[in-house]
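Taken from Swiss-Prot as is:
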- 33-53: transmembrane segment (TRANSMEM)
- 77-98: transmembrane segment (TRANSMEM)
- H83, H182: heme b b562 binding site (BINDING)
- H97, H196: heme b b566 binding site (BINDING)
- 113-133: transmembrane segment (TRANSMEM)
- 178-198: transmembrane segment (TRANSMEM)
- H201: ubiquinone binding site (BINDING)
- 226-246: transmembrane segment (TRANSMEM)
- 288-308: transmembrane segment (TRANSMEM)
- 320-340: transmembrane segment (TRANSMEM)
- 347-367: transmembrane segment (TRANSMEM)
Amino acid sequence: MTIMRKSHPLMKMVNHAFIDLPAPSNISSWWNFGSLLGVCLMIQIMTGLFLSMHYTSDTLTAFSSVTHICRDVNYGWLIRYMHANGASLFFICLYFHIGRGIYYGSYLYKETWNIGIILLFLVMATAFMGYVLPWGQMSFWGATVITNLLSAIPYIGSDLVEWIWGGFSVDKATLNRFFAFHFILPFIIAAMAMVHLLFLHETGSNNPLGIPSDSDKIPFHPYYSFKDLLGVLILFAFFFTIVLFFPDALGDPDNYSPANPLNTPPHIKPEWYFLFAYAILRSIPNKLGGVIALVLSILVLALFPLLHTSNQRSMTFRPISQVMFWILVSDLLILTWIGGQPVEPPFIIIGQAASILYFSIILLLXPIAGLIENKLLKW
């Protein structure tokens, strides 16, 4: 008689994905972030569900309903801070996951990579709409500034903005629809993550050497299931340290003031995980140009498979490409810092230089580095 997990239609799917899955024997801890993202998504859906039971999406009561959650609901403060900091944790894992994909050439699995880019856009949209919901000062003005960017689209721009707002300004209709979208999108993300996994399991995982690993596979369980479990425990230790000791470290103090359309905050800025893109947006004086640069800063990821010039897949044995990669990481950190600074010298010129460097490395320098390495190795 066959084992139930190998014969039952539902169990068979789980078995092929998480138990008997043949995995490369040498994948490092950088491969843990996929499972950690799954855990982050589950944390966000569960905490979000409980928050939605007490939250009201009305401009008059939204802010006070969040206050009520923190003060009067049993462990409401914990659920709220887990949800707020869970978003930051989600993006930390997401950026590490993308960085791993770039470093080890995982983007050559084109379908998996492209679904990943769609997932990134969906997560960014969800996080943006979630930030609007507490209806604090930065919520309101962030929503106003970012949605207003769509007015730069020629011909349909202004109509599009009013259509998204549901009126002539960010108001009750906007808050209501943002709540609806913020609730549904994580479930769409979960479905897309399944598709992401489906495409990945068509090819199998990449590995640090970037070479085929068919000759040396091990079962996912118990090896990588326990490895992932260790990753989750480390993640939880880090997560709860932030939630319980520094819950407001990553937030903006302005969001503790209720939204006031008559009073603009001195520095309007998004959450830290969007600052790099915000810096690229601000580095171009033209509104439409800034919006295009903002979209391209993420969409440029789709070009990685086309710009791969090296005869080796991974950067493990490519020192010039490694230097380019770490300069790119440093550049993103500089952009993140600039995004949080006011628009004044010397920050303007630093932001512009960092933005140019960002696109130059991806579109020009890294492909050239790959060609040079091919020549050096006489590959």
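Backbone N, Cα and C atoms are what each Cβ position is placed from, and that goes for glycine too.
Annotated features, which come from Swiss-Prot, shown on the structure.
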| residue | record | DSSP class |
| --- | --- | --- |
| H83 | heme b b562 binding site | helix |
| H97 | heme b b566 binding site | helix |
| H182 | heme b b562 binding site | helix |
| H196 | heme b b566 binding site | helix |
| H201 | ubiquinone binding site | helix |
Selection from 113-133, 178-198, 226-246, 320-340, 347-367, the stretch that has most Cβ pairs under 8 A to the transmembrane segment (77-98): 226-246
Interface check, the transmembrane segment (113-133) with the transmembrane segment (226-246), three or more C-beta pairs under 8 A: no
Taking the transmembrane segment (288-308) as the reference, which of 33-53, 178-198, 226-246, 320-340, 347-367 gives the largest number of Cβ pairs under 8 angstroms? 347-367
Where, among 33-53, 320-340, 347-367, do we find the most CB pairs under 8 A to the transmembrane segment (226-246)? 33-53
Minimum Cβ neighbour count within 10 Å among the binding-site residues H196, H201: which residue? H201
Count the Cβ atoms, other than its own, that fall within 10 Å of the Cβ of H83 (heme b b562 binding site), considering every protein chain shown. 21
Where H97 (heme b b566 binding site) and H83 (heme b b562 binding site) are concerned, what is their Cα separation in Å, rounded? 21
Within the same chain, the residues 6 or more beyond the ends of the transmembrane segment (33-53) and with Cβ under 8 Å of it are 69, 79-80, 82-83, 86-87, 89-90, 93-94, 96-97, 100, 182-183, 186-187, 189-190, 193, 228, 231-232, 235
Cβ neighbours within the same chain of H182 (heme b b562 binding site) - under 8 Å, at least six residues apart: G48, T126, M129, G130, L133
H97 (heme b b566 binding site) has how many other Cβ neighbours within 10 Å of its own Cβ? 20
Rounded to a whole angstrom, what is the C-alpha distance between H83 (heme b b562 binding site) and H196 (heme b b566 binding site)? 24
